[in-house]
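S.K.: The following block contains the structure, expressed as structure tokens.
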Amino acid sequence: MRIGTRSSPMAVAQAEKVARALRAQGVRTELVKISTSGDKWTGSLAALGGKGAFTRELDAMQVEGEFEIGVHCLKDVPGDVDLPAGLEIGAYCAREDARDAVISLNGRDLDDLRAGSVIGTSSVRRTAQLSRFWPGLKVTPIRGNANSRLSKLDGGGFDALILAVAGLERIGLEHRLTGVIDPGRMIPAVGAGVIVLTIRTHDAGSRELIAGLDDAATRAAATAERAMLRELGGHCHSPIAGHASMVDGAISLTGAVYSLDGAEMMTASATGADAAPVGREVAAALLEQGAGKVIADSAQ
């Protein structure tokens, strides 16, 4: 079974985890590693075209039959367009920690950093929330994989970084965590902490092999989050946040849209039995508050 993955250390680590689960079923596996446009590019992802920067080459190779299973961070999979014809998500692996983490040189959390401290992040969602809720801090863009970002922090270029908890855990760097930000203060990205497995639509054999890796609660939560994102017409420049979870057997979703500078914020929540309608309900409430204009403005 050939497993397609980006060649970055974090991506390989998550693909290896999938491979181990398949090998436990007696399946022989081989990793097919691809360096994508997003991995090679050192500038803004928006300048690269943003959408699908980490997935489009993998998708094209999978459609051509160069591997059977694609492994992706769900937050890297464009949410406002369908997968390429011939591909589908065959499994949503059980969600890992969706929260954002603080890594600082002096061991201080965001609330304890001095005014003017330089915070590194590549995410417009994090930038908007930092600007709104921690206005005394200076947010500066940073690109590269987790190890290269940590090297820049250790070199004194930043006072702290914001990175994904799940990503650090996947590559064994959780010991670098200074603190974890409560989702009530910084709402995670849509799909945060979720690994999905793509298959070719007519590949019944691969679908059967990965069926045991699909987690129903994660699938439902991710479906609600991405239904909201799609209804909003979110793009790679959009500071959109959304996090869903199961509460007493129902899907509960909180979503938010921010202006790029964090000055404007719209938020809404909904709970229901069916994931996609919950997502659309939250999106409708956000659009009623003016989220459409904020999203459109962020694309300019």
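Note: Cβ is positioned from N, Cα and C throughout, glycine not excepted.
Per TrEMBL, the features are:
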type	residues	note
DOMAIN	1-204	domain 'Porphobilinogen deaminase N-terminal'
DOMAIN	221-287	domain 'Porphobilinogen deaminase C-terminal'
MOD_RES	Cys236	S-(dipyrrolylmethanemethyl)cysteine
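For each feature listed, report its degree of burial, its nearest neighbours and the pertinent distances within the displayed model.
M.R.: The average pLDDT for the domain 'Porphobilinogen deaminase N-terminal' (1-204) in the predicted structure is 90.
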S.K.: Quick one: DSSP breakdown of the domain 'Porphobilinogen deaminase C-terminal' (221-287) into helix, strand and coil?
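M.R.: Helix, strand and coil residues of the domain 'Porphobilinogen deaminase C-terminal' (221-287) number 25 helix, 25 strand, 17 coil.
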